[in-house]
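**Student:** Just lifted these from Swiss-Prot, have a look:
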TRANSMEM  34-54  transmembrane segment
TRANSMEM  78-99  transmembrane segment
BINDING   H84, H183  heme b b562 binding site
BINDING   H98, H197  heme b b566 binding site
TRANSMEM  114-134  transmembrane segment
TRANSMEM  179-199  transmembrane segment
BINDING   H202  ubiquinone binding site
TRANSMEM  227-247  transmembrane segment
TRANSMEM  289-309  transmembrane segment
TRANSMEM  321-341  transmembrane segment
TRANSMEM  348-368  transmembrane segment
Amino acid sequence: MAMNIRKIHPLLKIMNQTLIDLPAPSNISIWWNFGSLLGLCLVIQIVTGLFLAMHYTADITMAFSSVTHICRDVNYGWLIRNIHANGASLFFVCIYFHIARGLYYGSYLYKETWNIGVILLFLLMATAFVGYVLPWGQMSFWGATVITNLLSAFPYIGDTLVQWIWGGFSVDNATLTRFFAFHFLLPFLITALMIIHILFLHETGSNNPMGLNSDMDKISFHPYFIYKDALGFLSLLILLGILALFLPNLLGDTENFIPANPLVTPPHIKPEWYFLFAYAILRSIPNKLGGVLALLFSILILMLVPFLHTSKQRSSTFRPLTQVFFWILVANMLVLTWIGGQPVEQPFILIGQIASISYFSLFLIAIPLAGWWENKILGLN
């Protein structure tokens with residue numbers, strides 16, 4: 001009997017081992033859907049982005065007009081743009097759920113997979129930031145000015161670094177051109193890293209809600225998880241359709257409908273909603289360099305999580321105290337997101353400072369202590 005071609009063909013064999021005959025734990029829940037949803041988001045963003053790039057002009061005199069032209073004159077240009085803009089929001093929703101799943105169920109103990117995931121988050125944030133500058137509206141321009149100017153806080157090299165990124169002495173045409181180049185390039189770098197992320201994951205196999213070894217209880221990825229992922233795909237596409245068709249500007253900033261004007265500062269400069277938690281941490285520290293470092297460590301702290309794991313159990317499923325701290329962390333993130341969108345005045349300054357201290361304390365002190373205490377209670381030392 002002839003061997004199935006998908007099992008012997010050099011290229012199809014790799015696809016088969018990744019998507020068809022992959023042994024997967026039988027008990028993984030819906031929280032394991034977000035990895036494949038991130039892949040779908042990436043494909044949607046690359047395809048819509050490619051079509052937008054065909055009509056976009058990276059020049060400060062024409063960028064805003066070219067986006068208007070896409071929405072008014074290009075066939076279904078309005079739809080492509082709305083899908084691309086709201087697809088970015090859903091990308092971040094999926095990645096935040098994906099990270100939260102990893103934190104809750106102890107997936108971070110696969111260190112290589114986890115660290116590449118953190119690098120992917122950095123790249124995704126960089127891509128979204130440079131992409132937000134491209135329409136060249138008021139918030140695009142001032143957001144780019146404020147965020148890039150933070151680099152000047154670094155001693156000695158700061159000012160030179162900022163001018164190097166700007167390509168001059170202010171955010172200008174050179175800045176827009178290079179940001180467009182970066183925005184085009186980075187998604188392909190993300191794709192490459194995503195493949196490496198999956199490669200490392202398949203070295204160890206997937207984690208599961210129990211946090212136990214599931215080698216004795218695995219099922220093939222196809223058809224079981226293909227259908228389960230298909231349900232997630234359908235749900236995401238319906239949500240994206242509702243956003244793009246009915247509420248396209250819900251998550252955007254109205255300031256960005258005004259063309260960029262270096263002489264008029266918007267009343268409140270703020271990034272897109274998915275950066276607000278980090279922006280709140282940045283603003284909560286009065287010192288410029290301190291704020292920049294806090295902003296950086298708000299993401300880099302994820303790389304420390306595997307080393308701060310003190311519990312003898314991997315997952316939080318049977319650890320009630322850790323669960324409490326996890327949900328406090330989630331609530332804390334939501335508070336930071338809210339504060340990031342508020343003006344810099346009392347009581348928002350104080351709430352932001354308390355939430356920022358809580359954010360780092362939960363990662364560095366509360367959750368490791370909870371793990372240690374649970375070991376004591378259960379006599380697992």
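Note: Cβ is positioned from N, Cα and C throughout, glycine not excepted.
What you are looking at is a predicted structure, and each value in this text was computed from that prediction instead of being measured.
Quick one: how deep are these features, and who are their neighbours?
**Tutor:** Counting same-chain residues at least six beyond the ends of the transmembrane segment (78-99), those with a Cβ under 8 angstroms from any Cβ of the stretch are 31, 34-35, 37-38, 41-42, 44-45, 48-49, 51-52, 67, 70-72, 117, 120-121, 124, 128, 131, 236, 239-240, 243-245, 248, 251-252, 272-274, 302.
The Cβ neighbour count for H183 (heme b b562 binding site), using a 10 Å radius over every protein chain in view, is 22. In the three-state DSSP scheme, H183 (heme b b562 binding site) falls into the helix class.
According to DSSP, H98 (heme b b566 binding site) sits within a helical segment.
Counting only same-chain residues six or more apart in sequence, the Cβ atoms lying under 8 angstroms from the Cβ of H202 (ubiquinone binding site) belong to Q17, T18, L22.
Distant neighbours of the transmembrane segment (289-309): 99, 103, 106, 108-109, 111, 114-115, 118, 121-122, 125, 150-151, 153-155, 277-279, 281-283, 356, 359-360, 363-364, 367-368, 371; these residues of the same chain sit at least 6 beyond its ends, with a Cβ under 8 Å from one of its Cβ atoms.
Outside the transmembrane segment (321-341), and at least 6 residues removed from its termini, the chain residues within Cβ reach (under 8 Å) are 100, 103-104, 270-271, 273, 275-281, 283, 311, 348, 351-352, 355-356, 358-359, 362-363, 366-367, 370-371, 373-374.
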**Student:** Around H84 (heme b b562 binding site), how many other CB atoms lie within 10 A of its CB?
**Tutor:** 21
**Student:** Round to the nearest Å and give the CA-to-CA distance linking H183 (heme b b562 binding site) with H197 (heme b b566 binding site).
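**Tutor:** Rounded to the nearest whole number, the Cα-Cα distance is 21 Å.
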**Student:** To see if you understand the setup: which same-chain residues, six or more apart in sequence, place their Cβ under 8 Å from that of H197 (heme b b566 binding site)?
**Tutor:** T113, I116, G117, L120
**Student:** Counting Cβ pairs closer than 8 Å, which of 34-54, 114-134, 227-247 has the most of them with the transmembrane segment (179-199)?
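**Tutor:** The listed stretch sharing the most Cβ pairs with the transmembrane segment (179-199) is 114-134.
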**Student:** Whole-number Å only: compute the distance from the Cα of H98 (heme b b566 binding site) to the Cα of H84 (heme b b562 binding site).
**Tutor:** 21
